Amino acid sequence: MEASAAVESSATVAAFEVSRRPDTGKLVLNSPSPPSLREELVGVVGKAFRPRAAGGGRPPRCAWALTALQCVFPVLTWGRTYTLKSFRSDVMAGLTLASLGIPQSIGYANLAKLDPQYGLYTSVVPPLIYAVMGTSREIAIGPVAVVSLLLSSMIQNVVDPATDPATYRSLVFTVTFLAGVFQVSFGLFRLGFLVDFLSHAAIVGFMAGAAIVIGLQQLKGLLGLSHFTNSTDIVSVIKAVCSALHDPWHPGNFLIGCSFLIFILTTRFIGRRYKKLFWLSAISPLVSVILSTVAVYATRADKHGVKIIQKVHAGLNPSSAKQIHLNGPHTAECAKIAIICAVIALTEAIAVGRSFASIRGYKLDGNKEMLAMGFSNVAGSLSSCYVATGSFSRTAVNFSAGARSTMSNIIMSITVFITLELFMKFLYYTPMAVLASIILSALPGLIDIKEACTIWKVDKMDFVTCLGAFVGVLFGSVEIGLAVAIGISFAKIIIQSLRPQVEVLGRLQGTNIFCSIRQYPVACRTPTVLTIRIDTSFMCFISATYIKERIIGWVREEVEMSNGKARERIQAVVLDMSSVVNIDTSGLTALEEIHKELVSLGIQMAISGPGLNAVQKMKVSRVVDRIGEDWIFLTVGEAVEACLTEHKGTALEC
């Protein structure tokens, strides 16, 4: 008798609480209509071009124009507060940056199958454009190893640089122009999500694979080989090295390359051990070039088999506008290569920029970075440059040297320009082996074994993506590695979409909080009410059938278990759809079929917290009418209380 009285009392209290609580189900159903597709597109474009006033109102026309200019050219913002002290710091950083960038640019041009001057050209124009448009204070713009490899490995499949160098250069400039156009488009239309198609795990694996491939490619210069494979996979490279070793080769190349590689790595170790000596590792590549060039000239080692650069064209960047062909026979291939290079270059640049921005405590604007990088490459393609982006090694040097703004890029660009004008003839005797050693010294930073181990510990599927990219690049090609990584990533997304989490919920004792009983075993299920949460943002054709079968299966199992036990029989099912932001026609059909099945079993169905788009579509498709407006609630707690009140005497709670 006392237990019965307690049950009636709790049911009365629950009914009173429901009666005095506002009808939040009406709030759910009367929510405003979601924006149409046209409104969303207009809003995206408007955000890209419409600057905001400081107070949130509409700015005056002159202020609007000034704000627009400041958005496009951030130099107009930071330039007003720029000081002489910052300039001195940037001059030192820029000179230090140039001492590292000059030899690296020559080496990366060689990796891209271009003459040395094109690497130096790429360190002149793009940094100047980025300096007035970029938002990162530390990032150093210029050629990088991975993008150089991408260009050479993919474009040489279209045109062989050895047999037709002029057409090859034309394709490089065309790809650079299209890559810049794609990057500008990403920034204007806020398409930065395209960069996210390459997950962090994919980038780690891709960079490691590319580093090994680049290292193997440098065996040609390190060993002084005349004939070498154009393939980038490890099997072809090893075969080429083995076959080349049977031919006459000159150990002087290997001796020079290894000696200066050890020198560069030693100075880097000292620079990391003693932070004040960071400049030692920064200038070591330039010192290596100078010393090796003097040694070869003094000993005439080029007469004894040591491979040298020979003539390098001096002077200002010549125009390459006439070499860009947008309607030629290879335009489609150039566009494909350009989109890959654009995404890889942006991914590397934004990752590098954000890393150092977080250290300095400011925020990097991703869309402005895309615009700056895009215009840098468009301008570069017109002035004999190839794809430029942010370099991690040079950015680290720039940061350590005390750079305060993008002025350091301008100083570096001016220094490289002076080098092009005055010192190119001194590079004639520079050995190719030294360029190989400079590239090899930069590769350990691309192989992050520690991060790969962390990925393995955290997410095994992410590690499979990482491994797929690594193996694809190493044993296939750069394109295959990227395709494998993206394919595995999408497969992971599809698998998770096919099998979203569907959880049975319970109430935490003494609260109105409902959570998964699998995650929180202390949560108690409410008798006669089965509460289920659908953990997917989009209930669509991929997942709708699985969700329906899972829910109906649980309900039937509960009904079978409670046969003959009236007090334990399921009388209501509450679907927590607070995670469901959107729903398609397949999802709506699945809800209707769940409702029909529950009605046939004499069970009431209630829904709580559906998202804005989901509510709108449920109303238009008349699913709300079939379920009943009174059975749509804002929270799970209200839905459960309503179900308990409807089926009196069962309000037993934990």
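Here the Cβ of each residue, glycine as well, is placed from N, Cα and C on the backbone.
Summed and averaged per residue, pLDDT over the domain 'STAS' (541-643) gives 90. Sequence annotations record features per position, and here TrEMBL assigns domain 'STAS' to 541-643.
Sequence annotations record features per position, and here TrEMBL assigns transmembrane segment to 139-159 (among others).
Feature annotation from TrEMBL assigns transmembrane segment to 171-191 (among others).
Positions annotated as transmembrane segment by TrEMBL: 197-216 (among others). Tertiary neighbourhood of the transmembrane segment (197-216): same-chain residues 111, 145-146, 149, 232-234, 237-238, 241, 343-344, 347, 351, 439-440, 443-444, 446-448, 451-452, 455, 459, 462-463, 465-474, 478, 481-482, 485-486, 488-489, selected by CB-CB distance under 8 Å and a gap of 6+ residues from either end.
Annotation comment: TrEMBL describes 252-270 (among others) as transmembrane segment.
Listed by sequence, the residues of this chain that lie at least six past the ends of the transmembrane segment (277-298) yet keep a Cβ under 8 A from its Cβ atoms are 96-97, 99-100, 102-104, 106, 256, 260, 263-264, 267-268, 270-271, 306, 308, 397, 400-401, 426-427, 429-431, 433-434, 437-438, 441. According to TrEMBL, the feature transmembrane segment maps to 277-298 (among others).
Annotated transmembrane segment per TrEMBL: 369-389 (among others), in sequence order.
As annotated by TrEMBL, transmembrane segment applies to 401-420 (among others).
Only residues 6 or more beyond the boundaries of the transmembrane segment (427-447), in the same chain, are considered here, and those with a CB under 8 A from a CB of the stretch are 103-104, 106-108, 110-111, 116, 145-146, 207-208, 210-212, 214-215, 218-222, 224, 253-254, 256-258, 260-261, 264-265, 268, 285, 288-289, 292-293, 296-297, 301-302, 306-312, 392-393. Annotated transmembrane segment per TrEMBL: 427-447 (among others), in sequence order.
Long-range Cβ contacts of the transmembrane segment (467-491) within its own chain (Cβ-Cβ under 8 Å, at least 6 residues beyond either end) map to 149-150, 153-154, 197-199, 201-206, 208-210, 212-213, 231-235, 340, 344. The transmembrane segment feature in TrEMBL is assigned to 467-491 (among others).
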Same-chain residue ranges lying at least 6 outside the transmembrane segment (171-191) that approach it to Cβ under 8 Å: 44-45, 47-49, 112, 114, 151, 155, 158-159, 320, 323-326, 328, 330-331, 334-335, 337-339, 341-342, 345-346, 367-371, 373-382, 384-387
